[in-house]
């Protein structure tokens, strides 16, 4: 093998190992965030909504919705922590440029994390959260088989329970209904955006801009919702801080180190004399 081919093979092998390392790091970071968010949601969720469900189908639906919400919260937490992680990793690399054990904190990893967070944020915002909401509210189309439809159940072998056999059909009926409702909602939102763009632009290019869905509409929608979240944060933070300090002031006991005991004794004597005079 020629030296040029060996060098090219070494470069490709290095790129392959770097790509595998970045995938492993991203998977470990997301798995850590997912486990943390799962504990957070299971700690704060209402037990009556998930645990006190006697129907196996409703319990499975609530579990699926819980996993979707956990995934969305993990993506949101990753989006919040990504900027501090980028700053800290840059400072670490500048402080220890020759250290071999921190060379995995490179620009390629940070760029890949930003791309994944942007992709998963759009997917969670547009598909997963609406799907989780409509999935918990769905009941299946009329005429679909469900768990409780005993007259329609065919005989099953002894080793298969009828509930377990009919459970996927009831869940799939809900999945079909949720998918149809989400599709109609997506078409409605896209149609409203396209009509608004056509009215504002009032030219042929704006009416034919529906093919720019991924390059224009979804990033614009993500930016608008992010701006709305920032404005809501700026609006609610002062009120939240004022309420927090008010509640804290009511709960805490004020120190009595600077109070005058002689003055309190005099006031108590005067009150006692006034009560005795009235009696």
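Here the Cβ of each residue, glycine as well, is placed from N, Cα and C on the backbone.
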Range among 159-179, 180-200 that TrEMBL annotates as transmembrane segment: 180-200
Of the residue ranges 3-23, 24-44, the one that TrEMBL records as transmembrane segment: 24-44
Selected stretch (most C-beta pairs under 8 A with the transmembrane segment (180-200)) from 24-44, 64-88, 108-136, 220-247: 108-136
Tertiary contacts of the transmembrane segment (24-44) (same chain, 6+ residues out, Cβ under 8 Å): 66, 69-71, 73-74, 77-78, 104, 109, 112-113, 116
